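Asker: Starting off with a structure, shown below.
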Amino acid sequence: MLLVFPSLLLGFAAYCSPGENGLLGIPDYFGNTSDVIQTENVSLKFPSVYKGTFGEAHFRNRRGILELAGAIRCTTGRSPFAYLRYGCYCGLGGKGWPKDRVDWCCFHHDCCYGRAEQAGCQPKTESYHWECEDNSAVCDSLEDKCQKMACECDREAAKCFSKAPYHRKYLLWPDFMCGEIQPLCRY
């Protein structure tokens, strides 16, 4: 994972310091506060209301992930880091049986990205414009098929997260606890 998202993980490390209160030294970022993530070259702020396409050319290869992060913040009010390593499917990869409704949201998001990839799109890197309106990610103005598919996947995942109870015990859940049996995506 470090090779794929080095700046994202460095930002997470910079955001967390051992002196803060929270689970395992991780700050309590599950509320409605703004997040500031700083690394050597980058400073990102996830405010409560913002336009969807953000970042600079430095992030071009990961912008689709940033769009998802913004949709999560817009819809749930939580930091996207709350879902980075949650359960068996939130974050990179995924295996086993989803642990709860949040994890099922991530499973369905993975399936949605799979459908987009089957259609010839690259949803993990697809940049698109969206807006945050009334705690909902809106991407109605998109005409490009791949942008529309990526945005719809992210919008649905964020909406799903907003309706699912969050259980802190599944944060940083170890993969070996996920098992081998897994559900199938419906295409």
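Indices start at 1 and increase along the chain as displayed.
Cβ coordinates come from backbone N, Cα and C, glycine included.
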Asker: Name the residue from Cys151, Cys153, Cys160 that TrEMBL records as disulfide-bonded to Cys105.
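Answerer: Disulfide partner per TrEMBL record: Cys160.
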Asker: Please identify which of Asp100, Asp110 is recorded by TrEMBL as part of the Ca(2+) site containing Tyr89, Gly91, Gly93.
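Answerer: Between Asp100, Asp110, TrEMBL records just one in the Ca(2+) site with Tyr89, Gly91, Gly93, namely Asp110.
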Asker: What is the disulfide partner of Cys178 among Cys16, Cys74, Cys88, as given in TrEMBL?
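Answerer: The record-listed partner cysteine is Cys88.
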Asker: Based on the record in TrEMBL, give the one of Cys121, Cys132, Cys139 in a disulfide bond with Cys146.
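Answerer: TrEMBL lists the disulfide between Cys146 and Cys121.
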Asker: Which one is it, Cys90, Cys111, Cys112, that TrEMBL ties to Cys106 with a disulfide?
Answerer: Cys90
Asker: What is the set of residues, excluding Tyr89, Gly91, Gly93, Asp110, whose C-beta falls within 8 angstroms of the centroid of the C-beta atoms at the Ca(2+) site?
Answerer: Cys88, Cys90, Leu92, Gly94, Cys106, Phe107
Asker: Starting from the Cβ of Cys151 (disulfide bond), draw a 10 Å sphere and report how many other Cβ atoms land inside it.
Answerer: 27
Asker: Mean pLDDT over the domain 'Phospholipase A2-like central' (64-179): what is the value?
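Answerer: That region's mean pLDDT is 96.
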Asker: Tell me, by DSSP, whether Cys139 (disulfide bond) is helix, strand or coil?
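Answerer: Assignment for Cys139 (disulfide bond) reads coil.
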Asker: If we check Cα distances from Cys106 (disulfide bond), which of the recorded positions Tyr89, Gly91, Asp154 wins as closest?
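Answerer: Ranked by Cα distance from Cys106 (disulfide bond), first place goes to Tyr89.
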